[in-house]
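Per Swiss-Prot, the features are as follows:
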DOMAIN    11-218  domain 'YjeF N-terminal'
BINDING   61, 62, 63, 64, 65, 130, 131, 132, 133, 134, 135, 136, 159  (6S)-NADPHX binding site
BINDING   62, 126, 162  K(+) binding site
């Protein structure tokens, strides 16, 4: 059976069912998702060669995954720096930000230029927009999306490369081209267009009954791994 790629409605339905039928909390799944993202980054971009990571966080759950990933990456020997242009005013996100601050993780207020990013970072973690994103990109995030479109640094995208349509994928030739895509729960339709070197699945929390209901046909995670190469 082939791995299923979810459309936007299916992705939302699976997410909601995890919360309602299976009684997972948002912070539970966010912690597991962000941790799996950190593991995928560590597999593809070892800290010895890519120690400095600019973590770009958006306003929703995708940004929360980025905050979690930054915290775990700091424990794995990386030096993450967070760019979070529009922090979400909810306790969960405020707590995640506070945890990063207490871990000594720095943040930047202004989006770095292409030149500044090249000088100060080895990798960009793109945690801006998730599967609820609908184009166009809002004003607060135009600068950081343009940075990712123009940079020569490798990019690791969380679930959806920023600016891509969740189902159609790239909308223009200058859209973000990540080297690593970490699909969460199950890959979305846009991932069929991914041409980068590394595609991983993370979020090892999907109950078998839910997998069967949606015919996800997820690959088997090896051993005790938190992510699996697709």
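Backbone N, Cα and C define each Cβ position, glycine as well.
Small disclaimer: the values here were computed from a predicted structure and weren't measured.
In sequence order, 26, 30, 130 make up the list of same-chain residues 6 or more apart from residue 61 ((6S)-NADPHX binding site) whose Cβ falls under 8 Å from its Cβ. Residue 135 ((6S)-NADPHX binding site) is surrounded by 12 other CB atoms, counting those within 10 A of its CB over all protein chains shown.
Sequence-distant neighbours of residue 65 ((6S)-NADPHX binding site) (same chain, six or more apart, CB under 8 Å from its CB) are 30, 33, 34, 37, 127, 130, 158, 159, 184, listed in sequence order. Note: the K(+) site is recorded as 62, 126, 162; in the same chain, 56, 58, 66, 127, 128, 129, 130, 157, 158, 159, 160, 161, 176 also have Cβ atoms within 8 Å of that site's Cβ centroid. Non-local contacts of residue 131 ((6S)-NADPHX binding site) by the CB criterion (under 8 A, 6+ apart in sequence, same chain) comprise 6, 8, 11, 12, 159, 160, 166, 188. Comparing C-alpha positions, residue 135 ((6S)-NADPHX binding site) sits nearest to 162 among the binding-site residues 62, 126, 162. Annotation note: residue 126 (K(+) binding site) sits in a strand segment as assigned by DSSP.
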